[in-house]
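TrEMBL has this to say about the protein:
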ACT_SITE  HIS117  active site, pros-phosphohistidine intermediate
BINDING   LYS10, PHE59, ARG87, THR93, ARG104, ASN114  ATP binding site
DOMAIN    2-137  domain 'Nucleoside diphosphate kinase-like'
Amino acid sequence: MSQRTLVLLKPDAVRRGLIGEIIGRFEKKAGWTIRALELRELDRPLLEQHYAEHVGRPFYEPLVEFMSSGPSVALVVEGERVIEGVRALAGPTDPIAATPGSIRGDFGTIVRENLIHASDSEESAERELKIFFPDFS
Ligand code: IDP
Ligand code: MG
């Protein structure tokens, strides 16, 4: 089942020079392809849309602040079961709990600065792809 997912390499990943390292992991998965790729600053209105489900949570404001602290890389990855697959490569939200070998497990220590966002379901992917790549079909 081929799918598309929205991936963000967060400002910490970009600042730390990990773009190539992380994207390389997607490229190496058999049959997955990068369909769109953009380095961009994410402004508050866009982040409010993207993180709408988290409004009001204690981590929300610092999250939006962090996510607008420098450029991110937004990309569309396409391929077999890519939504579940990228979440598995990323590891769980808390990088200390993430298995070594996963992106968060290999590079992260801080829950907020956990390097990567990846859509968590087909519904989220559809919604998020429209926010970040409205002209892409
Ligand atoms: P996910 O990115 O693994 O799907 P979500 O629960 O959707 O995790 O949270 C969105 C983002 O908000 C996380 O990736 C992380 O950057 C941040 N976040 C989530 N929970 C916490 C927390 O308890 N403290 C600080 N930041 C958090
Ligand atoms: Mg999430």
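For all residues, glycine too, the Cβ spot is worked out from N, Cα and C.
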Quick one, of the binding-site residues LYS10, ARG87, which Cβ has the fewest other Cβ within 10 Å?
ARG87
Neighbour count, 10 Å Cβ-Cβ cut-off, for THR93 (ATP binding site): what number do you get?
12
Give the distance between the Cα atoms of the residue listed as 'active site, pros-phosphohistidine intermediate' and THR93 (ATP binding site), rounded to the nearest whole Å.
9
Which of the three DSSP-derived classes (helix, strand, coil) applies to ASN114 (ATP binding site)?
coil
Entry from the recorded positions list PHE59, ARG104, HIS117 having the most other CB atoms no farther than 10 A
ARG104
Widest Cα pair spacing in Å over the listed ATP contacts LYS10, PHE59, ARG87, THR93, ARG104, ASN114 is 21
